[in-house]
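Working notes, beginning with the structure itself.
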Amino acid sequence: MRKIAIYGKGGIGKSTTTQNTVAGLAEMGKRVMVVGCDPKADSTRLLLGGLSQRTVLDTLREEGEDVDLDDIVSPGFANTLCTESGGPEPGVGCAGRGIITSINLLEQLGAFKEEKKLDYTFYDVLGDVVCGGFAMPIREGKAQEIYIVVSGEMMAMYAANNICKGIVKYADAGGVRLGGLICNSRKVDNEDKLILALAERLGTQMIHFVPRDNQVQRAELMRKTVIEFSPEHPQADEYRALANKIDQNQMFVVPKPLSIEELEKLLVDHGIMN
């Protein structure tokens, strides 16, 4: 089983990209589990047809320790398995700690056992590596591969660079590696060249450039992935291509993060200044 974590700046489109990619893998016949590591609990909504799923932490609060796997894992599109860690009540506790609790419980209940015949587990992780809890999939070897969703905007690239620093920090202990950058286009000038240059400087690859298309929003309004909502649409093929590239990927590296000055120079050389 391949264990993958998707990181990136908040609002970059991680959950949408993850769910559409997972739909592409599931369509290929892969058995995939998605673990939402975000207090918003929106990492599996499109795979579940918009059904709001009771989170692991909510279930623990309501049921106590007497929890079955079926209480927290739901079947989604094309035999995917979906679970959401959730978070603490607003203003109380630590959401990162909730991720640790949730993943540990899933392991105790046998969610990742061999008899489940999983090909992939995807961890969709909130925002930047803001604290130890959110870094947990990297830190404790829960994820082997990291893909960073990025765009040509400065803050998205800054977050990607920070995440690379987290990967470097835990590469020896957890054995985690960077699989590549996924450019989720914001239609910034020279965006593809900019992210290709960033990937090269980090020592990785831009594994796929996902063009911006309103079909993604249309599908989301219908609470579906593009692959389920409009399987013949060119945007569905973009996510299939990304899924296939991840499936075939052999390039796993310890990245080489840039200084803030190097990052700004990259933007000047390749970005909107030209």
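Here, residue 1 is simply the first one shown, and the rest follow in order.
From the backbone N, Cα and C atoms, a Cβ is placed for every residue, glycine too.
Database features (Swiss-Prot):
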- G8, K9, G10, G11, I12, G13, K14, S15: ATP binding site (BINDING)
- C94, C131: [4Fe-4S] cluster binding site (BINDING)
- R97: ADP-ribosylarginine (MOD_RES)
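A straight line from the CA of G11 (ATP binding site) to the CA of C94 ([4Fe-4S] cluster binding site) spans 20 Å.
For G11 (ATP binding site), the Cβ neighbour count at a 10 Å cut-off comes to 9, with all displayed protein chains included.
A separation of roughly 20 Å, to the nearest angstrom, links the Cα atoms of S15 (ATP binding site) and R97 (ADP-ribosylarginine). In this structure, R97 (ADP-ribosylarginine) is part of a helix by DSSP. Counting every protein chain shown, the Cβ of G13 (ATP binding site) has 20 other Cβ atoms within 10 Å. When the alpha carbons of the residue listed as 'ADP-ribosylarginine' and G10 (ATP binding site) are compared, the span between them is 19 angstrom. Just so you know, of the binding-site residues I12, C94, the Cβ with the fewest other Cβ atoms around it within 10 Å is the one at C94. C94 ([4Fe-4S] cluster binding site) is 17 Å away from G10 (ATP binding site) when you measure Cα to Cα.
When Cβ neighbours within 10 Å are tallied across all protein chains shown, the highest count among the binding-site residues G8, G10 belongs to G8.
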